[in-house]
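Enquirer: Before anything else, here's the structure in question.
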Amino acid sequence: IAATQPSTNWHLKENARDHHTSKFSSKELIVRRGQAFIVTFNGTEQPEQNLTFIAETGPEPSKLAKTQATFGISSMVSKESWSAVLQSTSSNSVSISISSPPNAVIGRYKLSVQNTSSGNSSPANLGSFVLLFNPWSSGDDVFMPNEAECEEYVLEEFGIIFAGNKNHINSFGWNFGQFQGDILNICLSMLDRSLNYRQDPGTDVSHRNDPKYLGRVLSAMVNANDDQGVLLGNWSGSYEGGKSPSSWTGSGEILQNWKKSGFKPVRYGQCWVFAAVLTTVLRCLGIPTRTITNFSSAHDADGNLRVDEYYDASGNHLDRTADSIWNFHVWNESWFSRSDLGPSYSGWQVLDATPQEESGGIYQCGPASRNAIKEGDVDLDYDCPFVFAEVNADCMYWNYDPTTGKKTLIFSKSTVIGQFISTKAVGRDDRVDVTNDYKYKEGSTNERDIFKKARKKLGLEDKFDPTAPTPQEIDQKPDLSGKFKVAGSLEVGKDLNLILVLANLQSDAKTVHVNMTAWSTVYTRKPIREIWKDSISVTLSPEEVKQFPIKIPYTEYQQQLTTDNTIQVTALCHVEGGIQVLVQRDIILDNPAIDIQVLGEAKVNKEVDVEVIFTNPIDMEVTDCVLQVEGNDLLRGILEIDIPPLKASETSSTKIKLIPFQTGSKHLLANFSCDKFADIKTFKIINVID
């Protein structure tokens, strides 16, 4: 006879507190593996030693695949398998402490109980719970001994992402929001929509005990390539039919839109959006994760640890190769052990969800051990050569003649790539530089030895490469040097004033023909629209230094600018009787600021006014003004407010009413856009009291 349906008390509050899952807002039990949780249920009349529990997950639960466990009541916790220890009994209820092994498969489980003495009764369903990774447990692959790091990399919902370029690092806040609303369910459904799951659900679920496996699968699922994943990438500079990548302020809206649309890819993402969403998903599942920004990041498409850039005779940066050097690129590091490689490769692992190159036939990247990257062990799994190149590749700059197809090396550099590698500090909003964790000091013998070791492992040392420059080309010495200096401020809305400085390095006079261009670009340095060009001819007397002022008026660049506010200025100098000299600079223009003021004290369940202030700094009207505001525990969802046009120098002040529903330090994030300024961001920390 079927047992009557028992009623279950999951002790949600106590279990959540013990398992560091109190921030989830779910009515379902959420616990971490390798740690005991308490369940009380009634409706069992028989002696408890006859009870058998069944915990199962996935569509094809099996003992062999470790997706099903049956266990009776024992006197002590087992480290190797699921176990149940009796806590207390009363006339009609039993309290049990259930423990899972530290390497259990994570995901949603069904728990049932069966009375073995009556022989023919079918199991009674006690309900479902979700099991996550446990960085607080020393037996777990993701164990992180430092408590403050667990707080930051698993429990913190606010992050800071670094962007800009190596001369001008800027940063903005991001709401990871891994504990909000339905995010956990969306993360679990991501796993069930992966290619691996579709091909073989049983095997896929059985691998979900392994952070290496899940990290790799999710790096593929966050981009839309191959699998109708979360985000569609777009680097064209035009974002019709979707939201511009720089307009997002958090992952929640993206993940929710993905689910709401019936899992159609959300438009649009660029690298930091992919990385931020992957951070949300991995933190949600309990894998310690952070975002990393690499400045002057190489995209080495052909795996030769060299990035080639081409310029025509006019100085235009040609888009004729898949290789590129991005102003910055953002990826992830997740913390777990590498039993497949050995203990020296455990710790931080690089994962990258931005679709750049295929790995194993699909757009996924990692986990690549950060220690392996530093030591040049590029033959180790997964995707180490690509990540090694991102921080170490050599750069070659070529002049290319499209009519003849002839290319001439202008110069090469081995110290350009991989600078100021940055992440947010633990417990603070500061930048921490982790470049030394990725490579030895630039230019040191150690660093060059590692580069040679990596080339050797990739078989590049012994093989003749017809596309490589000759040693003579590399050693050639230019007759002059040049640089662009900035004169005045770099702000959207102001004229751009630069000085081209040319210096004759020789003891005889030189005649130079200089072709100059300025293009708007996206942050990958891909040229989008021409803004300006000019050419000059000049004779420099021996060792003379000359300055040439350049002015690009706001009215000339305003229409051409991308949402990245980046302009690449190039001067290609043709020296009579000498080799060409390339002078270039990537310029980032700063947006004006917006400001958030909290008017009064923020108290739980009490209304508080917040004011967002923006002043139009230019002498023309701005229109299509939109303000977007979000903040966990301060307001539900995202507030979008249309603001009337602003005349020259006019200030707009927008009042928002908040009713905070949690105490503590909360972040309010704002994003303001209009027709002349894209995605001006700020955040404000609001301390909510009782």
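Numbering starts at 1 and runs along the chain as it is shown here.
Any Cβ shown, glycine's included, is placed from N, Cα and C.
Worth saying up front: this structure is predicted, and the values here are computed from it rather than measured.
TrEMBL feature annotations, pasted as is:
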- CYS271: active site (ACT_SITE)
- HIS329: active site (ACT_SITE)
- ASP352: active site (ACT_SITE)
- ASN392, ASP394, GLU442, GLU447: Ca(2+) binding site (BINDING)
- 263-355: domain 'Transglutaminase-like' (DOMAIN)
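In terms of burial and nearby residues, how do these features look in this structure?
Expert: All protein chains shown were included, and the count of other CB atoms within 10 Å of the CB of CYS271 (active site) stands at 28.
Under 8 Å, Cβ to Cβ, and six or more positions away along its own chain, ASP352 (active site) finds SER219, PHE274, ALA275, TRP331, ASN332, CYS365, GLY366, ASP383, VAL387.
The 10 Å shell around the Cβ of ASN392 (Ca(2+) binding site) contains 24 further Cβ atoms across the protein chains shown.
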Enquirer: Would you find the one among the binding-site residues ASP394, GLU447 whose Cβ has the most company, meaning other Cβ atoms within 10 Å?
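Expert: When each Cβ's neighbours within 10 Å are tallied, ASP394 tops the list.
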Enquirer: Taking the Cβ of HIS329 (active site) as the centre, how many other Cβ atoms fall within a 10 Å radius?
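Expert: Other Cβ atoms within 10 Å of HIS329 (active site): 27.
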Enquirer: So which recorded positions are near CYS271 (active site), with CA atoms within 10 Å, out of HIS329, ASN392, ASP394, GLU442, GLU447?
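Expert: Of everything listed, what lies within 10 Å of CYS271 (active site) (Cα to Cα) is HIS329.
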Enquirer: How big is the Cα-to-Cα gap, in Å, between ASP394 (Ca(2+) binding site) and HIS329 (active site)?
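Expert: Each residue's Cα considered, ASP394 (Ca(2+) binding site) and HIS329 (active site) end up 17 Å apart.
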Enquirer: Do me a favour and check the Cα-Cα span between GLU447 (Ca(2+) binding site) and HIS329 (active site); whole Å is fine.
Expert: 22
Enquirer: For GLU442 (Ca(2+) binding site), write down the residues of its own chain that are at least 6 apart in sequence and whose Cβ falls under 8 Å from its Cβ; none is a fine answer.
Expert: THR415
